[in-house]
Protein chains: 4
Amino acid sequence: MKKIAVFTSGGDAPGMNACVRAVVRTALYHNIEVVGIRRGYRGMIDGDFVPMTSYSVSNIIGQGGTILKSARCDEFRDIKWRKVAYDNCVKEGIEGLVAIGGNGTFTGAELLMENFGIPTIGCPGTIDNDLYGTDYTIGFDTAVNTALDAIDKIRDTAASHDRVFFVEVMGRDAGFIAMQCGIGGGAEKILVPENPDSIDDVIGTLKSGGEKEKPSHIVVVAEGEEIGNAHFIAQKAKEALPNLDIRVSNLGHIQRGGSPSAIDRIIASRMGIAAVEGLLKGKNNVMSGIIDDKVVYTSFNDAINKKKALDVDLIKMVKILNS
Amino acid sequence: MKKIAVFTSGGDAPGMNACVRAVVRTALYHNIEVVGIRRGYRGMIDGDFVPMTSYSVSNIIGQGGTILKSARCDEFRDIKWRKVAYDNCVKEGIEGLVAIGGNGTFTGAELLMENFGIPTIGCPGTIDNDLYGTDYTIGFDTAVNTALDAIDKIRDTAASHDRVFFVEVMGRDAGFIAMQCGIGGGAEKILVPENPDSIDDVIGTLKSGGEKEKPSHIVVVAEGEEIGNAHFIAQKAKEALPNLDIRVSNLGHIQRGGSPSAIDRIIASRMGIAAVEGLLKGKNNVMSGIIDDKVVYTSFNDAINKKKALDVDLIKMVKILNS
Amino acid sequence: MKKIAVFTSGGDAPGMNACVRAVVRTALYHNIEVVGIRRGYRGMIDGDFVPMTSYSVSNIIGQGGTILKSARCDEFRDIKWRKVAYDNCVKEGIEGLVAIGGNGTFTGAELLMENFGIPTIGCPGTIDNDLYGTDYTIGFDTAVNTALDAIDKIRDTAASHDRVFFVEVMGRDAGFIAMQCGIGGGAEKILVPENPDSIDDVIGTLKSGGEKEKPSHIVVVAEGEEIGNAHFIAQKAKEALPNLDIRVSNLGHIQRGGSPSAIDRIIASRMGIAAVEGLLKGKNNVMSGIIDDKVVYTSFNDAINKKKALDVDLIKMVKILNS
Amino acid sequence: MKKIAVFTSGGDAPGMNACVRAVVRTALYHNIEVVGIRRGYRGMIDGDFVPMTSYSVSNIIGQGGTILKSARCDEFRDIKWRKVAYDNCVKEGIEGLVAIGGNGTFTGAELLMENFGIPTIGCPGTIDNDLYGTDYTIGFDTAVNTALDAIDKIRDTAASHDRVFFVEVMGRDAGFIAMQCGIGGGAEKILVPENPDSIDDVIGTLKSGGEKEKPSHIVVVAEGEEIGNAHFIAQKAKEALPNLDIRVSNLGHIQRGGSPSAIDRIIASRMGIAAVEGLLKGKNNVMSGIIDDKVVYTSFNDAINKKKALDVDLIKMVKILNS
């Protein structure tokens, strides 16, 4: 293998740059040329390639976002456009790809491989942590700490005013962020899609808290939460408990940005190295992940389709920790 | 004067605890007894007084929120309940009050003084910075830096995806927070109530930015902005510029919390000292503020009713800085 | 078991308070009374016990340091004083202990058990991560991120002035902190006690960096590094490479403080729960740790005497990542 | 004026990049060409000029350090080399200079003007805040908050172990940083060069603190403090008070780096705009500063030679706030 390309795709996540850096430097270490593709599959179709040197990735390990940019690319679902993308790669002399992103990214890579046989290894870059085949995805730990910092701030004002706050955090269909920042933030209740709570449970918790003279509460709600989003649940709670001062805060996009945490920089670096070294060993169509602190490769098929389980036993902790 | 009381009222602000600490310690320094009133006027009516010692305020200088708590108290508008509050103060032996809060807080204090003659000095504690008689209010600098940090994070994701973000910040009827964190965050446009912008201006800026190949933008919107809140303006912009990827982020209550910045701790300490020493010198019905780095006292009447001007010339800066 | 005690001992670590909170609330959840012992073994000898309620540990999950305080206690090596400590526990009705700390803490607990048979479970609280029987110790992730933040700041000034910085981090005889924050900070070289580097290696790296027109460097040095501390190594490097602008920064005690990270709060909570539930199940003389995300108990003997290996393969990463 | 140059010189300070950005964009706004000179006077002698566009300064407002780099340049004291520098400027077509830095930077600029008549305006960029003609220098507020954050962390460990910490902060011959972060950090004592304290005073404070059962203390020491540096003073205190557990922490270079605070970004932007607009108005040999929130120009001569007074009355606050 003489030349590879690296790109980021899907929602940006802190640590993607650390991963790009690792891919570039590992390629150079093995005397492989490396180009960056800007805006993911969009740039692959447009032929938006940039040569990468050691200097291109200098001092980006601590930067949020992705210097290679990311974009939606609906055309990529059409084999006609995948052909264009593939032809661009061939013209550029690219013999392997490293794709940093989530589910959608890997689906695209799998199709490209299936149609045209270009070897690809993925690195799990998403704040949601919802990928099978790795304990942590790149960006998850940073997003959790950002959300936790926000919850700490909201706790200040909740405690000062004896208020109840429903805090909505990201996570699409997965409660990983909610669970971590909820436990870390000392939330009185955590609502995640994996664990159906009835509105009555929530109201019960708030009610018994009020009776214990603990009138300030934080309820963390994952955006994908089954019984409705934070505003909806808060509305129901207000109706049932009109004496409580109930507020809602949707943390929103701040959870995607910021300088990556130590863990995110380290796993991004390890996964990036593993991706390039995997390509060199002939691996293909797999995601490099870390399980029990060891690098493992999981087929794109499994990474996309298998469900990573949230340890719902952690929810029991919440009850104990609020005794 | 042998005994005074201190309380916080209105929306909590970072640095209120630093101010409480300064009030308590300054009183003790002058051999004056000091009690805290919990939950502001609410606690004054309920007789919820707690004796304060040097130890009560130990290690609170860096804590967000207010250890004395705050609450709404609509009854206080009724002289009947103000009489109850006053009687409680008399019973407790309180000869002077330090009120930490904003407009509403000082209005209450003024009425109490008018009705019953209890000397009160205020300290401006509000993140909004909308009080006449001080360059900075306690909490403003921290809120600005919190909002700035959020904008930096949002910039990461905006730049990665070539997006436009409308970021709504706090400020009620004042654009101080928006202006500071907008300039600090390198915003392409800042919308404040003091400076009427038409929707067309906003759209024009976004359009010309797109033409300059600068497709990512941050527009900071103060919550009191005349032409509508961030969601409304964003909707209009989407209609006019359907090709842009436009998002909204409402920073919300995180702006109230967090450990106070150096400036907030220092001005809170200075104002707290000045409040107690003002009471000792026979001052009354005034707010202690800092103008041009010097402590000044402003009558409650002026602090409440005069309008602190936002330097709208700063808005010109935004245009220059985006050249 | 009707009553237990919890204490912190040895160097303080962020997350100790989260662990104290978990111990207290878990005990209450199981209807067990719980007291705190102030200043570790010192307080056990002095009989410095404080009853703990749910409210005692309210809002401490995010606080650095330890509300129970910590202290050296050389007398505890003498069985005479251990007898005094034990008698105090008996008098207080304490039937089990939870000890939060490191090596020295567990050695004390083991002796106490051996002499007088009081059941004890430990929670690994030390920033150094040098305890066998757990992947992470409480405080480690926070300390790493604090050091990383400092290195990021130093990188700003190093890059602006083309300087070389030797940054000394904590870790006693272990390179865990150095390795994590070195990789995360993009250090050009990491010196840890587990991996003997000669001065010549360091000088060689700096020299080749200079030739690559990469004149700014960060070298992270663990305080226990064999070939000498940061000042000594920097001195040698200055002598060999007089043209480089070489500086030293010893990060010092800031690494111990600060609000704990999400991970530290979560593992502290899990380990605290596991400690109390372990006591209830009759476990004794063990440390509760987390390996591969599962709670495990390790005998004090192993925790103290077995050596936790640093993955020195990570050092190879440093070479690759600086290609 | 058709073309100007901007450079940074002396110790780097957070906000220098925000100032460079403002200078570049203001020049472009007025249709003036602008180049950057790398490494200050060093680059002026070497002819190391880089053309600056709006894009060159994109997304640097929040970056620590200086993208234009800085360096010592002893040759510049020699008129022979200043002639070389000047000739390079003339060759490049540079008609005016904006110099961002401190005392030494302005001394160089003054000489260059005196010898060859090239108009220069300075922007005060130094964390030390020791320049006459401005309330705040660029970088000061960030450095203070960085030091304050470190002191907060050290307080955690000091309080947990009942320790006394001597914390040395930067400031060369000025106590501005020490004073601000000392008051903000609730220090029990602040030692600054402007206010001679005898060792006995320090020891007296520590002693009386110990008697008040307040055994943990923070003493902030400015690096230029007259009675000796932190290590020296701590040694004396240890000898006098052997029962106290006394430690030293030198915060060092972390104080120079990091993302600038809101204030630093705003004043850097305002001063940068004022520098370019000053040049356009024919101003010369002056520093743009901000006093009482208004832009003012002060001659280099005054900025360098007049002494900015530290408000030593603030020291009285320390005594009151520790009552």
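Every residue, even glycine, has its Cβ placed from backbone N, Cα and C.
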Exercise for the section: Kindly point out which candidate in B:GLY11, B:GLY15, B:GLY36 is recorded by TrEMBL as part of the ATP site with B:ARG72, B:CYS73, B:GLY102, B:ASN103, B:GLY104, B:THR105. Expected result: B:GLY11
Problem - Residue among B:GLU75, B:GLU92, B:GLU95, B:GLU223 sharing the substrate site, where TrEMBL lists B:THR126, B:ILE127, B:ASP128, B:ARG163, B:MET170, B:GLY171, B:ARG172, B:ARG247, B:HIS253, B:ILE254, B:GLN255, B:ARG256 as binders - result: B:GLU223
Handout entry: Between B:GLY102 (ATP binding site) and B:THR126 (substrate binding site): CA-CA distance (Å)
Key = 6
Fill in the blank from the handout: Near B:ASP128 (active site, proton acceptor) (Cα-Cα within 10 Å), the binding-site residues in question, chosen from B:GLY102, B:GLY104, B:MET170, are B:GLY102, B:MET170
Exercise for the section: Select from B:ARG21, B:ARG25, B:MET170, B:GLY186, B:SER216, B:ARG247 the binding-site residues whose C-beta atom falls under 8 Å of at least one C-beta in chain D, and return them in sequence order or as 'none'. Expected result: B:ARG21, B:ARG25, B:GLY186
Problem - Near-A candidates in B:ARG25, B:CYS73, B:THR105, B:ARG256, the binding-site residues, by Cβ under 8 Å - result: B:ARG256
Practice task
Using the recorded ATP site (B:GLY11, B:ARG72, B:CYS73, B:GLY102, B:ASN103, B:GLY104, B:THR105) as reference, state which further residues of the same chain have their Cβ within 8 Å of the centre of those residues' Cβ atoms, listed in sequence order.
Solution key: B:SER9, B:GLY10, B:GLY40, B:SER70, B:GLY101, B:GLY108
Completion exercise
Out of the binding-site residues B:ARG21, B:ARG25, B:ARG172, B:ARG256, the residue with the smallest number of other Cβ atoms within 10 Å is B:ARG172
Exercise for the section: Would you mind reading off the Cα separation of B:THR105 (ATP binding site) from B:VAL23 (ADP binding site), to the nearest angstrom? Expected result: 17
Completion exercise
If you tally other C-beta atoms within 10 angstroms for each of the binding-site residues B:GLY11, B:GLY102, B:GLY104, B:GLY186, the top scorer is B:GLY102
Completion exercise
By Cα geometry, the one of the binding-site residues (B:ARG72, B:CYS73, B:GLY104, B:ARG256) nearest B:ARG21 (ADP binding site) is B:ARG256
Exercise for the section: Sort the binding-site residues B:GLY11, B:ARG72, B:GLY102, B:ASN103 by C-alpha distance from B:ARG247 (substrate binding site) and give me just the closest. Expected result: B:GLY11
Practice task
Take the C-alpha atoms of B:GLY186 (ADP binding site) and B:ILE254 (substrate binding site) and report the distance between them in angstrom, rounded.
Solution key: 21
